[in-house]
Every structure is written in structure tokens, then in C-alpha cells.
Amino acid sequence: MPADYASTARALSVSTTSSRSPSPGEGARPLWSQGATDTRTNAGFAARRSTPIPKQGIMARINAFNERSLALWRKMTFWQKVGSVLAVLSLNILGFGFLYITGRVFQWLGPVAEKWEHSVPVFIVMWLGVFFVSFPPLVGWSTFGTVSGFIFGVWKGWLLYASATVLGSICSFIASRTVLSKFVHRLVERDKRFAALALTLKYDGLKLLCMIRLCPLPYSICNGAISTFPTVQPLMYGLATAIISPKLLVPAFIGSRIRILNEKGEEMSLGSKLINIFSIIVSIAAGIFTGWYIYRRTLARAQELEEREREDIRHSLEADHAAHRPQRAFSDDPIVNAAATTLARDEEERIGFNDFDDDNVDLVIDDDDLSSRRSKSPYKDEFTDNESDVFRDGDGTNTDTYTLHTHVRH
């Protein structure tokens with residue numbers, strides 16, 4: 001009876017969670033990798049579960065942002081706080097200064113806009129201006145679009161703006177890729193996030209490029225950044241820029257409305273002024289909302305394609321490991337293969353495959369002086385007293401070294 005009681009107590013003390021049946025994925029995983037991999041898997045699962053839902057209210061997002069900002073502010077040292085305040089003040093001063101200078105530019109252009117509207121040299125100068133600000137780190141691309149609409153009207157200004165933007169983006173792309181080629185190779189080999197984003201563009205590259213071009217990103221910096229993706233070709237990038245060129249009607253339209261208000265503001269009725277001002281505000285709001293929406297969709301699509309690419313690489317790694325064969329190349333393109341290999345190393349750590357060589361034994365023979373010593377010491381069947389005794393003198397210094405290198409999976 002006491003024995004039965006003790007066994008019953010031990011059975012009841014066992015946690016019910018420990019008796020669950022392992023999933024198929026856990027049973028197929030190597031025993032040496034379960035401990036570390038389970039920790040990473042659980043951490044990744046918890047991180048995915050803790051991701052905030054995008055349908056949260058605006059006030060909740062604002063409160064969360066305020067809390068993060070306050071927490072970051074409290075962690076700063078005194079000089080870091082001083083530097084942050086100075087940086088914010090500098091940005092505000094630059095922003096207001098840019099608005100003031102832009103206003104002065106339009107005031108200066110007002111009297112000459114009608115004369116320059118049909119001038120070919122002015123058209124060429126404006127076109128070259130838009131073309132050259134395509135190269136990083138130059139700025140002023142949006143201002144050139146508004147000025148083009150101000151001087152030449154909506155359609156002529158858009159034609160100037162769009163054509164110079166497309167050709168400028170292609171040339172900037174080629175120049176940036178030439179200059180940054182070594183930087184590209186280092187990023188592909190070391191940064192798994194960059195490698196993942198580069199590989200996602202091979203699925204629906206044109207569609208994703210169009211979405212990126214619609215995002216509210218700095219124009220010249222975006223040209224240089226996208227040129228670092230090895231899977232993007234210059235003509236494809238130029239085609240994506242041409243496809244989204246209707247977006248460039250917005251700054252040209254705003255510039256034309258500003259000219260109308262500047263020239264005929266005194267003659268307009270209050271209703272006409274309000275309509276023109278309202279159209280400008282709606283155009284700006286539509287551009288901001290569209291850019292924000294496309295930016296969110298672009299991030300979601302890139303993450304979806306990255307998961308697909310990782311899944312394909314994971315299946316390839318598992319198949320190679322199950323067949324006891326070395327890892328094969330993922331692509332004939334060396335840069336694409338380097339990016340895929342970077343992701344493969346990350347997937348190896350997640351799965352638990354630290355080495356794909358299954359107990360291969362390499363025999364290394366250090367025989368640099370082997371042939372010379374053979375010629376000096378021919379083989380003899382008889383041993384005389386004149387020769388050294390190997391058991392007394394030892395092996396000496398010039399001996400053959402046999403080293404066994406065994407690759408062991410941890």
C-alpha cells in the first residue's frame with residue numbers, strides 16, 4: 001500500500017505539459033540541435049505573437065510613440081540630450097528656411113514666368129536641373145517639379161519633369177552601381193536583411209520597384225540605394241520610374257495653381273481662391289496618403305516574399321542534409337548566389353545545421369622533405385652500428401606529420 005501511494009503521488013506530481021506528443025517537425029530535427037533551436041523558435045514565435053495589430057487606434061499609436069520617446073530620452077546622457085535638442089532645432093530652422101526661400105523663388109519667378117514659358121533655353125536648363133538632382137546626395141527634385149509646373153503649366157511642366165526624372169534615374173542608377181560595386185558585394189555577403197530584400201525583387205521585381213518608387217523616399221538617395229540591389233537592372237528601374245510618372249503630375253499641378261493665384265489673385269473671387277487653395281491641399285494630402293499606404297504595402301509584400309525565399313532555402317538545406325550531400329549552388333548568378341548563401345547561413349542557425357560535412361576525414365601529409373630524405377637514405381635490410389638507433393635517438397626533427405581533421409557537427 002505505501003508503495004502504491006508513493007507511485008501515485010509521483011505520477012500526480014508530473015506536469016501535464018511535459019507529456020504532450022512531439023510535433024512532426026520536432027521529431028525530424030536532429031537531437032543535438034533541439035535545445036538551442038527550441039529557444040530560438042520560441043523566442044521568434046513570441047516575437048511574432050507580440051507584434052502589434054495594425055488595426056489599433058490612432059490614440060493608442062500616439063501614446064505608444066510617446067512612451068518610447070520618453071524612455072529613450074531618460075536613457076540619454078546630458079550631452080546626448082543637448083545634441084538631440086540642437087538637432088531638432090536645426091531641422092526646424094532648415095525647414096522654415098526652405099519654405100521661405102521657396103516662397104521668395106516663386107515671387108521672383110512671377111514677373112518672368114510668362115516670358116519664360118515659351119523659351120527653349122529655359123526649358124533645357126530646367127530639364128538639366130531635374131536630371132542632375134537625380135544623383136545622390138543632391139536635393140531639390142520636388143522643388144524643380146513645382147517650378148516646372150509654375151513656369152510651363154501642368155502638361156508641359158509634367159513632360160519636362162517626367163522625362164528628366166526617368167533618364168536621370170537610369171544614369172544615376174548606373175553611376176551609383178559602378179561606384180558602389182564593392183560596397184554591394186560586402187553587403188550581400190554580410191547583411192542578411194539586405195540579402196533578403198535583394199532576393200525578394202526576383203519574384204515580382206517590376207511590381208515591387210513601382211511600389212518603392214511610389215513611396216515618399218528621398219529621390220536621389222533612393223536612386224543610389226536601389227542601385228545596390230544586384231537583382232535590379234537599370235532598364236527595369238527606368239521602366240518602373242516611367243510607369244509611376246503620372247504621380248509627377250501632382251507637383252506640376254500645384255505649381256500651376258500657385259501661378260494662377262499669384263497672377264490673378266486680386267481678380268479672383270473668394271470662392272475661386274478657396275477652390276484653388278483647396279485643390280492644392282487635396283493634392284498634397286492625396287500624395288502623402290498614397291505614399292504612406294504604398295509604403296505599408298511595400299513592407300508587407302517584401303516581408304511576404306522574404307518568407308517565401310527563406311522557405312525555399314530551408315527546404316533545399318533539409319534535402320541536402322537528408323541526402324548527406326554538400327550544399328549546392330542556389331543560382332548561376334554569383335551575386336544572387338552570394339545573397340542566397342547569406343540567408344542559408346542564417347537558416348542553418350535556425351534549423352540547427354552547423355556543418356554539412358558528415359564526418360569527412362581529411363588526411364594531411366606534410367611531406368615537404370619526404371622525397372629529398374628518401375634520396376639521401378636508401379632502404380636497407382641490414383642495420384649496422386654505424387647508423388643511428390631510432391629507438392635511442394627518437395624521431396628527430398624532420399619527421400612526417402599525419403594530421404587528421406574531422407568535421408564534427410555540434
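In case you wondered, yes, glycine gets a Cβ from its N, Cα and C as well.
As annotated by Swiss-Prot, compositional bias 'Low complexity' applies to 1-24. The compositional bias 'Basic and acidic residues' annotation in Swiss-Prot covers 378-395. Per Swiss-Prot, the feature region 'Disordered' maps to 1-36, 373-410. Taken from Swiss-Prot, the feature region 'VTT domain' applies to 149-258. Residues or ranges marked as topological domain 'Lumenal' in Swiss-Prot: 1-81, 141-149, 256-273. Swiss-Prot lists 103-119, 171-234, 295-410 with the feature topological domain 'Cytoplasmic', giving sequence analysis as the kind of evidence. Look at Swiss-Prot and you will find 82-102, 120-140, 150-170, 235-255, 274-294 tagged as transmembrane segment.
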Take the topological domain 'Cytoplasmic' (295-410) and average the pLDDT across it for me. 59
What same-chain residues lie close to the topological domain 'Cytoplasmic' (103-119): Cβ under 8 Å, and 6 or more beyond its ends? 143, 147, 150-153, 258-259, 262-263
Are there residues at least 6 beyond the ends of the topological domain 'Lumenal' (141-149) whose Cβ is under 8 Å from a Cβ of it, and what are they? 102, 105-106, 109, 126, 129-130, 133-134, 157-158, 160-161, 165, 219-220, 248, 251-256, 258-259
